[in-house]
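**Student:** Below are the structure tokens for one structure; questions will follow.
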Amino acid sequence: MTDSIPLQPVRHKKRVDSRPRAGCCEWLRCCGGGDPRPRTVWLGHPEKRDQRYPRNVINNQKYNFFTFLPGVLFSQFRYFFNFYFLLLACSQFVPEMRLGALYTYWVPLGFVLAVTIVREAVEEIRCYMRDKEVNSQVYSRLTSRGTVKVKSSNIQVGDLILVEKNQRVPADMIFLRTSEKNGSCFLRTDQLDGETDWKLRLPVACTQRLPTAADLLQIRSYVYAEEPNIDIHNFLGTFTREDSDPPISESLSIENTLWAGTVIASGTVVGVVLYTGRELRSVMNTSDPRSKIGLFDLEVNCLTKILFGALVVVSLVMVALQHFAGRWYLQIIRFLLLFSNIIPISLRVNLDMGKMVYSWVIRRDSKIPGTVVRSSTIPEQLGRISYLLTDKTGTLTQNEMVFKRLHLGTVAYGLDSMDEVQSHIFSIYTQQSQEPPTQKGPTVTTKVRRTMSSRVHEAVKAIALCHNVTPVYESNGVTDQAEAEKQFEDSCRVYQASSPDEVALVQWTESVGLTLVGRDQSSMQLRTPGDQILNLTILQVFPFTYESKRMGVIVRVSGPLPRPAPAPPPPLRVLPCPSASSPALSCRVCIRGLITVIQISLMFLRASLPQGIGHLQSPALRTVWMLTGDKLETATCTAKNAHLVTRNQDIHVFRLVTNRGEAHLELNAFRRKHDCALVISGDSLEVCLKYYEYEFMELACQCPAVVCCRCAPTQKAQIVRLLQERTGKLTCAVGDGGNDVSMIQESDCGVGVEGKEGKQASLAADFSITQFKHLGRLLMVHGRNSYKRSAALSQFVIHRSLCISTMQAVFSSVFYFASVPLYQGFLIIGYSTIYTMFPVFSLVLDKDVKSEVAMLYPELYKDLLKGRPLSYKTFLIWVLISIYQGSTIMYGALLLFESEFVHIVAISFTSLILTELLMVALTIQTWHWLMTVAELLSLACYIASLVFLHEFIDVYFIATLSFLWKVSVITLVSCLPLYVLKYLRRRFSPPSYSKLTS
């Protein structure tokens with residue numbers, strides 16, 4: 001292996017997809033808006049628009065009222081055999097080409113199309129109802145007539161919209177006012193960027209100072225905003241008020257925005273709408289919904305093309321043996337119609353009905369409750385996934401932060417010893433008041449006790465102060481700043497912060513005695529175990545940065561602090577928070593000491609990880625990719641805890657690169673590593689894909705696990721697309737937030753998790769689960785069974801059609817290559833419906849191993865990745881079986897018939913039906929009671945219908961002993977050798993699953 005990567009231009013591979021791909025510019029052109037451009041939006045005056053804007057509607061449907069029928073028909077006739085049977089049915093309107101009644105061709109085709117149209121209609125209606133629920137959400141709009149109710153779909157650019165706490169923001173807006181006393185609000189953006197950290201947003205200062213929200217309509221002001229784009233982390237604009245003297249102009253940034261799809265976490269806010277509909281940031285970061293065509297369906301479509309080639313060859317041979325006499329071209333067409341059963345029209349019906357059964361079984365599985373199948377066309381995809389791509393926050397982790405351990409040098413406190421911490425805090429705040437002022441010379445025991453209490457107190461106090469948490473008081477779901485906050489009611493208090501880590505810290509300090517009861521931008525209040533309120537002034541906050549990996553705060557204490565006993569300074573000590581007059585050096589020492597304890601405390605915060613992903617990181621899957629918007633350290637830690645990376649495995653952290661040269665050097669360094677997991681940031685990934693797409697993907701695909709942190713939604717979809725193009729393997733994307741929708745829709749099989757980040761990903765996914773650990777059973781049990789069952793079903797349906805086509809070929813060749821059908825009318829339709837349909841379709845209930853065994857041995861899943869259940873080899877085997885059985889039945893009937901042609905029909909058709917029923921029994925691996933019922937029911941239907949088939953079969957002949965022994969001999973000769981071969985194969989070369997079940 002060379003250590004150098006040649007500097008080559010990126011080789012882009014043209015992507016062939018089933019849907020057009022459009023960026024925001026193309027979208028806007030379709031809407032009639034032309035190229036996106038900056039806009040001026042007047043507050044409360046949507047009529048003052050300088051351009052046309054799209055309606056504020058969410059649409060996840062594939063079709064509309066006018067395109068539904070043409071779209072469904074086009075998608076169906078895109079399949080080769082559907083289009084072939086359409087031509088076949090149309091040819092029967094030509095008298096020279098007609099071979100039988102029209103219903104024998106149009107009824108099967110019509111049934112196929114009817115099943116498909118009904119299924120698509122049901123899915124579209126469900127999708128429409130989900131979209132309608134979102135578009136019909138009601139909001140309050142400020143107007144000159146007061147506050148009026150308006151649906152989300154009727155909101156326009158320029159409207160002033162009130163959004164209450166826990167309500168979804170309906171459109172991209174500029175934040176103008178808040179009801180919060182501190183003049184800011186928190187925003188939950190997990191549906192947009194996948195991060196559960198709450199974001200702090202600030203209103204426009206000019207509008208926040210207005211006495212009431214109604215005054216927004218009395219001022220003359222506007223917002224100048226940049227053109228719509230996909231960047232959710234940046235915004236450029238200005239707010240201008242013209243009626244003030246002098247005019248006021250404020251610059252706007254991302255801190256002043258409220259993007260659609262986010263949720264207000266505190267107070268009630270007022271915003272002016274900037275972007276709607278397809279111009280929303282969240283919509284631009286998602287792709288259009290598309291009809292996914294499964295790899296299994298494409299493989300079956302390929303096999304039907306091979307069958308069509310065989311049909312043409314057989315027809316040409318028949319005409320050639322006639323020496324192309326007379327109107328030979330019409331003879332070719334008649335033979336094409338005569339042997340049309342080579343391509344079974346019932347194949348599509350059986351497979352579609354099988355998919356519906358698989359979907360029903362998945363929904364009914366009690367071990368994965370709440371699972372929903374939203375796309376019933378691709379269940380077989382679940383059984384052939386090579387690359388699993390998963391989000392982290394809320395998907396791989398439950399994102400529940402718990403404070404587990406406090407470490408103070410030589411002493412550590414765990415969950416089982418937190419009561420000791422509480423007693424230390426209590427003693428600090430109670431012994432000072434109880435201690436007599438004249439007491440001198442405390443005992444050694446008291447000194448040791450108070451020294452330890454002092455150390456614990458200072459650590460807890462530092463944790464209680466160094467954060468960005470704000471307590472909010474609620475009463476009956478409505479913020480009550482007048483009463484609840486005044487009394488600091490514990491039952492009404494809710495902590496809000498930009499990180500669940502910080503909330504966990506503050507909740508822990510509350511549990512041990514120091515409670516954060518109030519905070520604004522300049523002060524905070526702590527309540528002690530003795531119900532004293534400590535007032536602290538915030539002088540300076542040193543925010544957390546990824547470079548320093550720490551945070552600090554300087555506060556001035558207004559109220560009295562407990563006086564710790566004199567003691568030698570501990571190894572890890574937080575100095576008392578200094579006043580404003582403290583020297584700069586002292587401040588720095590204070591901050592360093594404070595940060596050290598915070599870092600030690602944070603070391604023991606862990607996310608609660610469900611079981612599941614560790615099981616998936618088995619030989620069953622090639623690689624698991626974790627794509628997250630979280631920071632590098634958190635992503636790496638999660639990968640280790642979830643066993644994406646084993647203990648003995650190295651991790652290569654891809655250095656941050658900004659240009660081609662740096663990317664070249666880092667790729668060379670990565671190339672020297674072997675069998676190591678890769679961790680890379682979104683910025684570095686973008687540079688690598690820009691200059692070395694092929695080389696990077698080649699190296700990354702060889703890694704056992706890949707972690708991409710700080711990934712944008714479009715990057716996630718890009719990675720999925722590149723994996724599909726570079727490897728040709730199937731991908732499965734798992735996520736739970738709105739930022740995962742593009743990735744889910746781009747993948748071959750999208751799975752949404754209904755978690756804390758809402759249902760947006762779940763609604764856009766092909767499959768929806770309630771817990772990530774359910775994914776293992778969904779893939780290894782239901783995916784595996786669906787693929788193996790469909791493979792067996794499709795090949796058996798082809799075998800059934802090839803058998804009767806072989807018999808027709810033998811019959812025509814014996815009778816001077818005449819284009820005369822062997823079976824006519826109801827016999828042809830009955831053969832593939834009531835006589836054999838139920839036993840053949842019962843194969844959708846078959847399984848080779850129990851679900852517990854499939855979960856225990858992931859290697860069984862790996863076997864499916866090679867596509868062995870449905871391959872050219874298995875197809876050829878079934879073709880040879882069909883030719884053997886068809887020839888045996890037809891030649892046997894010709895040899896044993898006595899005097900009349902109708903006897904040939906009776907003997908051969910009865911033997912054919914019995915052979916198919918026995919072959920189903922031969923194929924079944926695990927019997928289900930419905931399979932037995934289907935076999936007996938089909939046989940009974942055939943015997944009962946013989947009475948009504950006197951036009952085709954001699955009823956008196958079938959009651960004779962001669963008929964019975966001839967049929968028995970022919971059936972035995974056609975089936976017995978295959979039973980013997982099956983026994984020998986299982987005896988000397990058993991498949992992997994049989995070794996586990998024996």
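Note that Cβ sites are derived from N, Cα and C of the backbone, with glycine treated the same way.
Annotations in TrEMBL come from automatic prediction, not curation.
Just lifted these from TrEMBL, have a look:
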{"type": "ACT_SITE", "residues": "D391", "note": "active site, 4-aspartylphosphate intermediate"}
{"type": "BINDING", "residues": "D391, K392, T393, E502, F544, R573, T628, G629, D630, R710, K716, N739, D740", "note": "ATP binding site"}
{"type": "BINDING", "residues": "D391, T393, D736, D740", "note": "Mg(2+) binding site"}
{"type": "DOMAIN", "residues": "46-106", "note": "domain 'P-type ATPase N-terminal'"}
{"type": "DOMAIN", "residues": "763-990", "note": "domain 'P-type ATPase C-terminal'"}
{"type": "TRANSMEM", "residues": "65-87", "note": "transmembrane segment"}
{"type": "TRANSMEM", "residues": "99-118", "note": "transmembrane segment"}
{"type": "TRANSMEM", "residues": "298-322", "note": "transmembrane segment"}
{"type": "TRANSMEM", "residues": "328-347", "note": "transmembrane segment"}
{"type": "TRANSMEM", "residues": "797-817", "note": "transmembrane segment"}
{"type": "TRANSMEM", "residues": "823-845", "note": "transmembrane segment"}
{"type": "TRANSMEM", "residues": "875-895", "note": "transmembrane segment"}
{"type": "TRANSMEM", "residues": "901-922", "note": "transmembrane segment"}
{"type": "TRANSMEM", "residues": "929-949", "note": "transmembrane segment"}
{"type": "TRANSMEM", "residues": "955-981", "note": "transmembrane segment"}
**Student:** Counting only residues 6+ away from its ends, which parts of the chain sit with a Cβ under 8 Å from the transmembrane segment (955-981)?
**Tutor:** 881, 884-885, 888-889, 892-893, 896, 898, 902-903, 906-908, 910-911, 914-915, 918-919, 922, 946-947, 949
**Student:** Distance between F544 (ATP binding site) and D391 (active site, 4-aspartylphosphate intermediate) at the Cα atoms, whole Å?
**Tutor:** 24
**Student:** Including all protein chains displayed, how many Cβ atoms other than that of K716 (ATP binding site) lie within 10 Å of its Cβ?
**Tutor:** 30
**Student:** Kindly report the helix/strand/coil residue split of the domain 'P-type ATPase N-terminal' (46-106) according to DSSP, in that order.
**Tutor:** 29 helix, 0 strand, 32 coil
**Student:** With the transmembrane segment (797-817) as the reference, which stretch in 328-347, 901-922, 929-949 has the largest tally of C-beta pairs below 8 Å?
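**Tutor:** When the Cβ pairs under 8 Å are tallied, 328-347 comes out ahead.
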**Student:** For D391, D630, D736, D740, listed as recorded positions, tell me which one has the smallest number of other Cβ atoms within 10 Å.
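**Tutor:** Least crowded of the recorded positions D391, D630, D736, D740, by Cβ count within 10 Å, is D630.
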**Student:** Looking only at residues six or more beyond either end of the transmembrane segment (65-87), which have a C-beta under 8 A from one in the stretch?
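**Tutor:** Beyond its ends, the transmembrane segment (65-87) has Cβ neighbours at 105, 108-109, 112-113, 116-117, 120-121, 124, 291, 297, 301, 304-305, 308, 340, 343, 345, 347-348.
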**Student:** Near the transmembrane segment (99-118), which residues from the same chain, at least 6 beyond its ends, have a CB less than 8 A from one of its CBs?
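**Tutor:** Those are 69, 72-73, 76, 82, 85-86, 88-89, 92-93, 334, 337-338, 345-346, 348-349, 352-353, 819, 821, 824-825, 828-829, 832, in sequence order.
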**Student:** State the residues, same chain only, that lie 6 or more residues beyond the ends of the transmembrane segment (298-322) and have a CB under 8 A from a CB inside it; answer 'none' if no residue qualifies.
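**Tutor:** Cβ under 8 Å, 6 or more out: 79-81, 84, 328, 331-332, 335-336, 339-340, 342-343, 347, 351, 794, 798, 809, 812-813, 817, 819, 867, 870, 875.
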**Student:** Who are the chain neighbours of the transmembrane segment (901-922) in space, where the CB to CB distance is under 8 Å and they lie at least 6 residues beyond its ends?
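**Tutor:** Same-chain contacts beyond the ends: 796, 799-800, 803-804, 807, 822-823, 827, 831, 835-836, 839-840, 842-843, 885, 889-890, 892-894, 931, 935, 938-939, 942, 952-954, 957-958, 963, 966-967, 970-971, 974-975, 978-979, 982.
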**Student:** Around the C-beta of T628 (ATP binding site), how many further C-beta atoms are within 10 angstroms, looking at every protein chain?
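**Tutor:** Other Cβ atoms within 10 Å of T628 (ATP binding site): 29.
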**Student:** To the nearest whole angstrom, what is the C-alpha distance linking D630 (ATP binding site) and the residue listed as 'active site, 4-aspartylphosphate intermediate'?
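**Tutor:** It is 10 Å, counting Cα to Cα.
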**Student:** Looking only at Cβ atoms, how many others are within 10 Å of the one on F544 (ATP binding site)?
**Tutor:** 18
**Student:** For the C-alpha pair, I'd like the distance in angstrom between D391 (active site, 4-aspartylphosphate intermediate) and D736 (Mg(2+) binding site), rounded off.
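**Tutor:** D391 (active site, 4-aspartylphosphate intermediate) to D736 (Mg(2+) binding site), Cα-Cα distance: 8 Å.
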**Student:** Please report how many Å separate the Cα atom of K716 (ATP binding site) from that of D736 (Mg(2+) binding site), as a whole number.
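**Tutor:** With distance taken Cα to Cα, D736 (Mg(2+) binding site) is 13 Å from K716 (ATP binding site).
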